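Features as listed in Swiss-Prot:
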DOMAIN    2-160  domain 'Obg'
DOMAIN    161-338  domain 'OBG-type G'
BINDING   167-174, 192-196, 214-217, 284-287, 319-321  GTP binding site
BINDING   174, 194  Mg(2+) binding site
DOMAIN    359-437  domain 'OCT'
């Protein structure tokens, strides 16, 4: 049995940059040999790339952690460390990537070979050759590599279909798909025979072609999770035209018009935008007894409940089993599709701003101060912590440079305002030092 997985939660971590090197030339008349330490290489980024050969997120069922390699350390003679290769992660077309914490959409991957850098590799640390000045011609300062970005992501696959088949279970959606395309969905005389979306390519006699998806049957309450619930409703979101398949024979004992209203209510409840998509009503099983009578009653109820200014949906009587009325239905579907533009899947409020991922907002304070129960002052904040991890704490000159950076950020002044005294302990991460007033 083939497995279909359309959601996955994964972790990605880009590689850290390589550390810069402290090294000196050994030449006469050059103080301490002169600085000669090179920069570290850039860490590898994690890149998502669309592979049209993939159809599900099954590859992420057991492999949920993706980590790019770190850049090489800087070398002597001023040579740079080699940058790490990017980690390419293949995804099926139609994958939406969300931030698992905020739920915001990061990117929507639909085109073959489309790429998106989802976690950027860290910058390589600078070697001591970069810190030489007339006042300090032989610095013992080098930076550690910048950490790579690390994120928790939610992947959602929404299949790329132009036309979606919706309706109650066992109304004939799978049979319809199987006779108008080369798809071979599982067909049976019981509810929820279709438990995964099936995709087929339809080609009309006039030469038009489009992708059609048969989605698992909906029942009342699907938008709240009843039956297969919202598990597959997401796949309708990419469609431009909906074929609403209805069993006109009423073989299950339900009223066809009630079925029509119920399914539309579920679509509207799940996502109001789904009702913007044009629908064609497919009156199936017209070869069965009572179907003609039921269709006449259906049309009467539909007309009575439609506003005179609204366009009535087209109705096509067919029999998938007897192959009746299919050509006209497919031609009308192709024509409607040609006159329907793609719908915007997400608005600006759904999308995550780039600023939230890379760089710092200059208007935000670069650090925060709290105090632990043991009276230790604790400093934290993205910008401050980035400076800290890139500082080589094994070299006195690097520590002094870090202290100057803290002072320039206003840390000393802020600690005094909070009541810090000379000799108080200050902690950044796992590094502690005394506050000197």
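The backbone N, Cα and C atoms fix where each Cβ goes, and this holds for glycine too.
Note that the structure is predicted; figures quoted are calculated from it, not measured.
Shown on the structure are the features that Swiss-Prot records.
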{"residue": "167", "record": "GTP binding site", "Cβ neighbours (10 Å)": "24"}
{"residue": "170", "record": "GTP binding site", "Cβ neighbours (10 Å)": "20"}
{"residue": "173", "record": "GTP binding site", "Cβ neighbours (10 Å)": "30"}
{"residue": "174", "record": "Mg(2+) binding site", "Cβ neighbours (10 Å)": "25"}
{"residue": "285", "record": "GTP binding site", "Cβ neighbours (10 Å)": "26"}
{"residue": "319", "record": "GTP binding site", "Cβ neighbours (10 Å)": "22"}
Handout entry: Secondary structure composition of the domain 'OCT' (359-437) [DSSP: H/G/I, E/B, coil]
Key = 30 helix, 17 strand, 32 coil
Fill in the blank from the handout: In this predicted model, the domain 'OBG-type G' (161-338) has a mean pLDDT of 84
Practice task
Provide, as an integer number of angstrom, the distance between the C-alpha atoms of residue 174 (Mg(2+) binding site) and residue 285 (GTP binding site).
Solution key: 13
Problem - DSSP state at residue 173 (GTP binding site), helix/strand/coil - result: helix
